[in-house]
Amino acid sequence: MSNQTRRRQGAPKADQKKGKGVHVQDERFGDRPAPSRLGGFAKIIYFLLLAGGIYYYCSHMLWEKPQPVDVPEEDAFLAPVQVRELPGRGMGVIATKDIQRGELVLREKPLFVVPNRVSMSPGAVLLASLATLSPRQRASYYNLSYVNFPTGIPPDTDAFNEELALAIFQTNAVSAGSQGVGIFPRMARLNHGCSSAFNVIYTWRDGEGVLVVHALKPIKQGEELLTTYTDTKRPRHVRRQFLREHYGFECQCSVCSLPDDLSARSDERLTGMADLYTKFSSWQHEHVSGKEAIAAAISIWRLGEEGYWSERGQLAADVAHVAAAHSDVSAVREWAALAQRWYAYELGADSPQAQEMGRIAGQPELHAAWASAALGGTIDEGDRDYRSLDMAVASSSDVLILALGVVLAAVYLFRDQLFAASKPKSVPVTASKASNGSGNPRDFVAKMKEGKKRIVIFYGSQTGTAEEYAIRLAKEAKQKFGLASLVCDPEEYDFENLDQVPEDCCVFFVMATYGEGEPTDNAVTLCQNLSDDSFEFSNGEHKLPGLKYVVFGLGNRTYEHYNLIARNVDADLQKMGATRIGERGEGDDDRSMEEDYLEWKDGMWEEFARVMGVEEGQGADSPDFVVTEVSEHPPEKVYLGELSARALTRSKGIHDAKNPYPAPITVARELFAPGGDRNCIHVELNTENSGITYQHGDHVGVWPSNPEVEVERLLRALGLYEKKDTVINIESLDPALAKVPFPVPTTYVTVLRHYIDISAVAGRQILGVLSKFAPTPEAEAFLKNLSANKEEYNNIVTHGCLKLGEVLQVAAGNDIKATPGPENTTAWNIPFDIIVSSIPRLQPRYYSISSSPKLYPHSIHVTCVVLKYESIENSLVKTRWVYGTGSNFLLNLKFAAEGQQSPLVDSEENPDKVFFPKYAVEGPRGAYKSETTYKVPIHVRRSTFRLPTNPKSPVIMIGPGTGVAPFRGFVQERVAMARRTIEKNGPEGLADWGNIRLYYGCRSSKQDFLYSEEWPEYAKELHGKFTMRCAFSRETFKPDGSKIYVQDLLWEDREAIADAILNGRGYIYVCGDARNMAKSVEETFCRILGEAKGGSAEVEGAAEVKLLKERSRFLSDVWS
Ligand SMILES: Cc1cc2nc3c(=O)[nH]c(=O)nc-3n(C[C@H](O)[C@H](O)[C@H](O)COP(=O)(O)OP(=O)(O)OC[C@H]3O[C@@H](n4cnc5c(N)ncnc54)[C@H](O)[C@@H]3O)c2cc1C
Ligand SMILES: NC(=O)c1ccc[n+]([C@@H]2O[C@H](COP(=O)([O-])OP(=O)(O)OC[C@H]3O[C@@H](n4cnc5c(N)ncnc54)[C@H](OP(=O)(O)O)[C@@H]3O)[C@@H](O)[C@H]2O)c1
Ligand SMILES: Cc1cc2nc3c(=O)[nH]c(=O)nc-3n(C[C@H](O)[C@H](O)[C@H](O)COP(=O)(O)O)c2cc1C
C-alpha cells in the first residue's frame, strides 16, 4: 500500500509513466505498467504475490457476511505520529517527536473487517459494512485514496457506489489474520520506502484484534514513517533494479546512495547473508547438520544488522528450536532470550512471538521438540525422527507465514499501485508543534515521575487474583499515606531501568505461582530479567543497590512448589542488593489467601512507613467509582450480561477470554448412574464457524452467572430490588488505580447476576467497610466484630460458607433459609460504588477438555463433577448445602437442554437445607438460547499438558475421578493417529508404538465409572497398545480393609512402570486432585524409581522424579 501511488477521490490524474510490458488503462489515474519478465529471485517474490492473490481471490469468492467492528477512539492510539499532506506525495505519516527503535507508534483497530467468506457481491458486502459505521467513520473511509476505478460507470448509481467502495477497499485493506481483511484508516496512510529507507513495520495481532506499527529504527522528529515491500537481503544493485522495474523509482535512500566502494561492501555482506540464510534454512531438510546450521546462524549474526529485527528474531528462534531438539538447555535459553529481544524491538515485547520465546527461555524442556534429535540417533547422523522437530520448525515458520500473510495480502491488494508509476522520496517534514507524544509507553519509571507516584506495583496474575491484591495495596497506600501508585502489568513494561527507580520510591511485586512453580504468562519476562545474571540494567550491571521493594506471593500449599515465584523474585532482588521492606507475604489459596494477606499487610505497612518516612493519616477514604443512574439511554447499548462489545453488537470477531464464544450445547448428559447423590455431567460444545481451535490437554474456560437466589438476596439487602433494571453508568475516579471491571452502561441486576462474584464466601475486610452502613447499631457491632475477630469470622462466615447477601441478612437478624423477599430481608443503605470496588469480578471456571480435536475438530467436550457440599453448623447458622457456582451453572444448562426444571433438593425431608440453585440460563437478551438449543460462553486456554509427539514413547496416565478428563482426549488423539497409521500400513503400523496405560479410580464400577462404555472401544482400535487399570475405592479393599487407590495399582505394576520410564523413556501424566492424590502418586513414583535404581524413595527416587519433571516427562494438570 503506497500512498505515493494513489490519489484521493477527485485528485488530478497521475503523470503517465511507461514501464516495460503491457499497459493497463485506468481512466482516472493513467496507465500503469504490468509486471515484466522477472529474474529468478523476483520470480519467487512474484510467486508469493500470486499466492497472496490466490488466497485473497479465494477469500473473496467465498465471502459470507460483513463484520462491522466498532472503533473506540482510544484504540486508535496515534501519539507520536501524525497524518499529513506531504508536498507532491499526497498523504503520509510523520513523526511528531523523536521515536526510539522498537517504540509502538500506532495501534489501530479495524474500521471494519470483511470476513474470508461472503456470499454477496464484494461491493454489496462493503456497502453493508459501511452502513453500520458512524458518519465520522464513513468519512474517514471515503477520505482514503484508491486506484483502479473501472471505466464507464455512471456516477450516482448503485454500481458506481459499489465500485467506489470496492476500489477504496482493494487499495487499503490489510489482512486481519483469522478475522478476515480489514481497513485501518490511519495505518493506510503509511507510504513505502525501499529496503533501507523503511523505518516501521506493521503486524496484525490476532489475540488482541489490533494492528500495531513499531519503529524499526530511531526516527527523528519530522521524518516520514515508511514501510517496506521488498526483500531486505538483496544486494543493492538487484534491489535498485527491482525497484526501478516494479515500482518505477530510483531509490535515493542512504544505502542506495552509498559511494561505490561502500556500496560494494554492503552488497557483499548482503549476498553472504542471503547464502547463509539459505544454508541455515536447509538444516531441517537434512542438507546440513544441526551444528552447521547453528554455525551459519552465528555467521549471519556477525555480518551485521541488516533487515527486519523480526527476521533476526526468527533466526534466533530457529536456532533455539535446533538447540531444543539437541536438549541443550543453555543454548536454548541464550538463543530464545535473543529472539525475544529482537522480536520485542519490532513486534513489541507483548507480541505472541516475543512471549513464546520468553516461555521457551524460561522452560527449555517444555519445548515441543525437546530431545527429538536424539530419538532415533542424532541430527548429524541423519536418521532421527523428524516428527517433533518438524513441529517446532512449523511453529517458527508460522511466525514467518503470519508476518508474510500480512505483507502478502497487502501486497496483493495493492498490486496495482505497486506496479504503477511513483516517485517516493523520504523527505523530512517539519514537525507539528502539537506533538502529543508522551515518551516510551514501556518506561514505567518515566510514568512514575510523570504521575508523581512513589509506588509502582507489578502483578503476575493469570486469573486476576494477584491483580486484585495489587489494586488493594495501591488503595491502601492511598488511604493510609496519601501515596499514589502505578499498578502495572509487567508484560507492558521493560525492566532495563529498574535501577533508576528514585530513592524515595518503592516497587511492589504481587506474584502468583503456577504449574511446576512457574510464573504467570504476564510475568515470564520480568522473572527472567530478574534471575538472568547476564541481563543488564541501565547501570550496565545486574545489580539493584538501593532499590526498595515489597513482595506478596499468591500460591496454594497443595502444590509442590508453594509460592515459588514470590520466593524467587525475593531471592533475586536480595542477590542484586535491593532492600526488602517488611517480611515477604505468602498467601495460600487453599485455605486463607485473605487471612494471610490481612495478617501480613499491617506489619509491612508499619515498616513501609518507617523506611519511606511517611506517616499514616495523610490519606483519605475516597471512593474509586462514581455510579450514576441514567434515565435515557438507547436500550440496545446497555450491557445486560454481554461479556464484550462484540457480544453486545452481535458482530463477529475472534473469540478469546476478552470475547467468549456462546457455544451451542449439542449434548449434555449425566455420567453418574441415576439415584446417587452426586452429578457429573458430560457437555459437548459446538465450536463450528467460531474460529476456536483446541489441542488435546487444553482447558476450556466457562463463564457462569450467579444463581438467581443470590442475585435476588443481594438486590433486596442493598435495597435495589425495585430499581434493579435501572440503567447505571460507572466511572472510575482514578482509572490508573481502579478500572471499571465490567462493561457499562449496565443495570444493577446485571452487575450482580453476571459481572461480580457475589456467590463466594464474604471476605473479612469488606465486612468492616460495610459496617458503617448497617441499618441498626446491633448489625453494625456484629459486622465490626466479625471483621476484627478472626476466630469469630472463621466460625460464622468461613465454616458457615456465608455469601455477602447472607452475612448482611444474618447481621440484620433475617432468616437466610427463606426465599429472599421484602418481608425477610432488611435493606441496607450501601453505596453501590463500594460493592463494585469490594467484590471481585466473576471469573470463568476452567475444565480440562476431555476430547481430541482429531476426532472432534468442532466440538469441545467437558467432564464436570458438580460441586455440592455441606457447611459446618455454628451458633447462628445450621448446616446447609452449598453449591459450586460454575458446576451448578452447567448442571442447570443440562436440565434446561433436556427441557427439565431444576429439581428441589431435600426440601421435604430436611427443610433446613436450601433449594437447588436456578440460573438465568437464557443469557442476556436470550443470547444463550436459540429455539431449543442452549449456549454457554467459553474460551480456550492453551496448556503444555500434551502427549509426546513420538508414539513410540510409553505413556503412563493417572487420572482418578474427573482427573480422567484430559486422558479421554489423549486416548482419542492416539485413536485418530492409529486409524491413519492402520489405513496406511495396516495394524502392524502400530507394532513399535509404546504402550499407553491409564490408571483410573472412582468409588464403584456401577455408580461413577466415567465413560466406562468407551474405553473398551478405544482399546480395540489401539490393538493392545492401550491398557487401563481401575481402582474402585468403595468396592474392593485391601486385606486390612483400607481403600485401594490408583497409587496402589501403580505400586503393583512397579516393574513394568520402572521399565517404561527408565528404559523406554516414558512420560508420566497426572491429573485431578492436587491436595491428596497427586502427592501420593508422586510419592509412589519416588518409591518405584528409587527401588528400580537400587536406592531409596527419598534420594534416588526423588532425584529421578525431579529429573523427569525437568525434562517435561512428568507433567501435572491438577487442581484443588
Ligand atoms: C486447570 C483446571 C482444570 C480443571 N478441570 C476440571 C475438570 O475437568 N472437571 C471438573 O469437574 N473440574 C475441573 N476443574 C475444577 C473447576 O475449574 C471448578 O473449580 C469446579 O467445577 C468448581 O467450580 P464451581 O464454580 O462449581 O465452584 P465454586 O463456586 O468456585 O466453589 C469452589 C470453592 O468451594 C470451596 N469448597 C469446595 N469444596 C468444599 C468443601 N467440601 N468444603 C468447604 N468449601 C469447599 C473451595 O473454596 C473452592 O475453591 C479444573 C480446575 C482447574 C484449575
Ligand atoms: N475445589 C473444587 O471446587 C473442586 C471441585 C471438583 C473437584 N475437585 C477436586 O477434584 C478431585 C476429583 O474430583 P472427583 O469428584 O472427580 O473425584 P472423586 O470422585 O471424589 O474421587 C475419585 C476417586 O479418587 C479416590 N481418592 C480419594 N482420595 C484419594 C487419594 N488420596 N489418592 C488417590 N485416590 C483418592 C476416591 O476415593 P474415595 O472417595 O472413596 O476416598 C475416588 O475413588 C477431587 O478430589 C476434588 O479435590 C475440587
Ligand atoms: C493450575 C494451577 C496451578 C497452580 N500451581 C501452583 C504452584 O505450583 N504453586 C503455588 O504455590 N500455587 C499454585 N497455584 C495457585 C495459584 O497461584 C493461586 O490460585 C493464585 O491465587 C492465582 O492467582 P491469579 O488469579 O492472579 O492467577 C496454582 C493454581 C492453578 C489453578
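For all residues, glycine too, the Cβ spot is worked out from N, Cα and C.
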According to TrEMBL, ARG845, TYR846, TYR847, SER848, THR863, CYS864, VAL865, TYR869 bind FAD; which one of TRP600, TRP605, TRP1051, TRP1119 is listed for that same site?
TRP1119
Per-residue Cβ crowding (10 Å cut-off), top of binding-site residues GLY464, GLY515:
GLY515
Judged by the number of other CB atoms within 10 angstroms, which among ASN556, THR863 is the least packed of the binding-site residues?
ASN556
Where the criterion is a Cβ under 6 Å from an atom of ligand 2, which of the binding-site residues TYR559, TYR562, ARG845, TYR847 meet it?
none
Below 8 Å Cβ to Cβ and six or more residues apart, same chain only. Which residues does that give for TYR847 (FAD binding site)?
HIS699, VAL700, VAL702, VAL862, THR863, CYS864, ALA965
Within 10 angstroms of the C-beta of TYR559 (FMN binding site), what count of other C-beta atoms is obtained when all protein chains are considered?
24
Using a 6 Å cut-off on Cβ distance, which of the binding-site residues ALA512, GLY515, TYR562, ARG845, LYS1043, TRP1119 come close to any atom of ligand 1?
ARG845, TRP1119
Entries of SER461, GLY464, ASN556, TYR559, TYR562, SER1033 (binding-site residues) sitting next to ligand 3, with Cβ under 6 Å as the cut-off:
SER461, GLY464, ASN556, TYR559, TYR562
Roughly how wide, in whole Å, is the group ARG678, THR962, SER1033, ARG1034, LYS1043, ILE1044, TYR1045, VAL1046, GLN1047 that binds NADP(+), by largest Cα to Cα distance?
24
VAL865 (FAD binding site) versus TYR562 (FMN binding site) - Cα distance in angstrom:
26
Sequence-distant neighbours of ARG845 (FAD binding site) in its chain (C-beta under 8 A, six or more apart):
GLY701, VAL702, PRO704, THR885, GLY886, SER887
Give me the count of other Cβ atoms within 10 A of the Cβ belonging to SER1033 (NADP(+) binding site).
19
